[in-house]
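Sequence annotations record features per position, and here Swiss-Prot assigns active site, proton acceptor to K44, Y273. Positions annotated as N6-(pyridoxal phosphate)lysine by Swiss-Prot: K44. Swiss-Prot lists R142, M321 with the feature substrate binding site.
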Amino acid sequence: MAVTPISLRPGVLAEAVVDLGAIDYNVRVLREHAGMAQLMVVLKADAYGHGATQVALAALAAGAAELGVATVDEALALRADGISAPVLAWLHPPGIDFGPALLADVQIAVSSVRQLDELLDAVRRTGRTATVTVKADTGLNRNGVVTDQYPAMLTALQRAVVEDAVRLRGLMSHLVYADQPDNPSNDVQGKRFAALLAQAHEQGLRFEVAHLSNSSATMSRPDLAYDLVRPGIAVYGLSPVPSRGDMGLIPAMTVKCAVAMVKSIRAGEGVSYGHDWIAQHDTNLALLPVGYADGVFRSLGGRLDVLINGKRRPGVGRICMDQFVVDLGPGPIDVAEGDEAILFGPGARGEPTAQDWADLLGTIHYEVVTSLRGRITRTYREAQTVDR
């Protein structure tokens, strides 16, 4: 991969730099895996912490056909920022007013007859036809219409189509074990999904598109691609199957801050609250001005490394709300105040990765990149040619 050095912007305490060139590259990789299927790029949770509007623009330019979000509010935010591409929202609280979504040409996925009724109420109030996808539960047991309620959903949709209240767009579901491509549950869900499509056809309903595959299935189960695939985490360059390595993707996010202070301490002195870490010899320290209020997990205290001037430096002592400390080692000081410290990034320069953090935390890299907040400013590198 061609690496362009990243430097801190003046006056910025800490940055999450999103490389739009990596987004472009990853979308093109996913398009290759998708074959004849179109791409719906998933932008929920502010594009997994990467910034929904900028990622949407980059993904659409790279060939994504549609966008997907969890909530209507997320879809409306894209519309407010001028994004006109098809966008689907699929997670709705009871009593939601779908009117603003219809007026903004947002497609709606419904998981129950009650949700469909609420949507049809908005159709009557606004005079707008709703573009509807049915979200079916094929085994995940989250949102999605359950099997025994599916016939009632189809009957209600038939009436709505006849009344021109609904344009029937799609059938979607979500896999339980997509990160385990060979798990037999994927085949079971695939068969259930195919049966639901057939059941709708028998009842005279034709979905324009069907989609089941998330990132991992897009890259490892071409037999489940159908008409559309819904990659999420892979768009951001994070492997949907970590046991298979990076899968040819480039992580888009680099988190960094400036060294706020450098100081020397004597052997026997402690660092941070409780002095959990005691210097075994004279050493030098660097203070980094980010903490658990910014998404640097407190449980990483004394466990994470950062990259400063080409070297991995271990964190020492407890991570505080606003700051933490790394050990520079004894002898001549090779770090100055204002130098760049990389908390995690693609790993190309030896820095830790989001997956490294996830491994330390016993979690997944999704949680790492979506937890950044507080005083970490998100900035962007414009899309450019990325070689790998």
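Note that the numbers count up from 1, one per residue, in the order the chain is shown.
Using the three backbone atoms N, Cα and C, a Cβ is placed for every residue, glycine included.
Shown on the structure are the features that Swiss-Prot records.
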residue : record                       : contacts (Cβ under 8 Å, 6+ apart)
K44     : active site, proton acceptor : G68, V69, A70, T71, E74, G232
R142    : substrate binding site       : H174
Y273    : active site, proton acceptor : G317, R318, C320
M321    : substrate binding site       : G291, Y292, A293
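Reduced to three states, the DSSP call for Y273 (active site, proton acceptor) is helix.
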